[in-house]
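Reviewing the structure listed below.
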Amino acid sequence: MSLLLTVFLIVFVTQLISWIGQNVLLEWAYNLYLRLSRNSLAARQRSLKTEILNNKTELLKTSAQDQFAKWAKLRRSVDKGLAELEKLNSEIATAKSSFSTKFNAVIWALTSGVNLVIGWWYGRKAVFYLPEGWMGPLTWWFSFPFAPRGSVSVGVWSFACKRVLLVLERMVKELFFAETQAKEVPVGFSPSSSSSSTPNPMSKASSGSPSPRRRTTVTVESEDEKS
């Protein structure tokens, strides 16, 4: 496998882990580990939960007054099961914490660790060469820090791959967000049409009742006629 493709795959795997989320991968890996190893603690936890649930159901059906002996026995069984379950959960949490430490170490070794080793081992080698005079005075930057002049170093190639993947990620997110917004807005909806169709209570009130000045004029005219 060429150095160019190797560096790209390492950067791609690193970004893929970042996109999915390391905590999500940890949960998947831990559940797979429990299934493959048939962990006795997990099996005991499932059976104990089922037993406690059955005892609680039976306890609710039992009267404490009419069947006190049976009720007390079920109550002691539920309390004992809950105490054992709490202890078991603590042991499982400790085991999961240990698994998480090992898993994170493996992920770091497969991504950042491998990237550092390749950058150090192939630091003086060229990933590929640029056409002569193509980049002008910036040619030295592409070979930074120790690659031959006129070539692209491992560090610069890794940086370029990461930037391209980040740009693609942003483009996909913007496209997905635009499609989501288009689905949420109803077809043919226009804020101006909705505002124009809404009746104005002030205009209705002004058209339905005379103004105070008009009322005063009418009252004065009627009093003059009487006199």
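Backbone N, Cα and C define each Cβ position, glycine as well.
Marked as coiled coil by Swiss-Prot on the basis of sequence analysis: 72-96.
Per Swiss-Prot, the feature compositional bias 'Low complexity' maps to 190-211.
The region 'Disordered' feature in Swiss-Prot is assigned to 184-227.
Summarising the annotation, Swiss-Prot assigns topological domain 'Cytoplasmic' to 24-107 (among others) and lists sequence analysis as the type of evidence.
The topological domain 'Lumenal' feature in Swiss-Prot is assigned to 129-151; the stated evidence is sequence analysis. Using a Cβ-Cβ cut-off under 8 Å and counting only residues 6 or more beyond its ends in the same chain, the topological domain 'Lumenal' (129-151) has close neighbours at 123.
Annotation source Swiss-Prot lists topological domain 'Cytoplasmic' at 169-227 (among others), citing sequence analysis.
Through the fold, the transmembrane segment (4-23) approaches residues 104, 107, 110-112, 114-115, 118, 127-128, 154, 157-158, 161-162, 165-166, 169 of its own chain, all at least 6 residues removed from its boundaries and within a Cβ separation under 8 Å. Among the features that Swiss-Prot reports, transmembrane segment is placed at 4-23 (among others), with the record citing sequence analysis.
Taken from Swiss-Prot, the feature transmembrane segment covers 108-128 (among others).
Sequence annotations record features per position, and here Swiss-Prot assigns transmembrane segment to 152-168 (among others) based on sequence analysis. Long-range contacts of the transmembrane segment (152-168) within the same chain: residues 3-4, 7-8, 10-12, 14-15, 115, 118-119, 122-123, 125-130, 141-146, each at least 6 residues beyond the stretch ends and with a Cβ under 8 Å from a Cβ of the stretch.
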Cβ contacts under 8 Å made by the transmembrane segment (108-128) with residues that lie 6+ beyond its boundaries:
3-4, 6-7, 10-11, 13-14, 17, 143, 145-148, 151-155, 157-158
Surrounding residues of the coiled coil (72-96) on its own chain - C-beta under 8 Å, 6+ positions past either end:
30, 39, 41-42, 44-45, 48-49, 51-52, 55-56, 58-59, 62
DSSP on the topological domain 'Cytoplasmic' (24-107): how many residues come out helix, how many strand, how many coil?
76 helix, 0 strand, 8 coil
What does the DSSP secondary structure composition of the topological domain 'Lumenal' (129-151) look like, as residue counts for helix, strand and coil?
7 helix, 2 strand, 14 coil
